[in-house]
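Worksheet: one structure, shown below.
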């Protein structure tokens, strides 16, 4: 993407291309309203003149106007910049498993139980 930006003229390279969240919400509202109005007007004109082409031209003109208004990142769509927080230092993770020392002790205890069990079985079989 940086290579594509480098091919643009210098004034366009410095042009901000982002929208803030409020600007996105406003752009969405604009496109819904303009396309709805152009659709209703196109439908009414098409029915009144009995020409489908007139209705389509009006709807396409509305779509073109909408695109010209909301697609470029105009300054009125960037009035509420997002302020990002500085990242917090991560807290050390607490393991739910026992430490390595506990594992060794648990294994020794388990081995001792097995040995005791074998001794009891050996005594019973005598």
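Start at 1 and count along the chain as shown; that gives each residue its number.
Just so you know, glycine gets a Cβ as well, placed from its N, Cα and C.
Feature transmembrane segment, per TrEMBL, maps to range 30-48 of the set 11-29, 30-48. In the compositional bias 'Basic residues' (115-126), the DSSP tally of helix, strand and coil residues is 11 helix, 0 strand, 1 coil.
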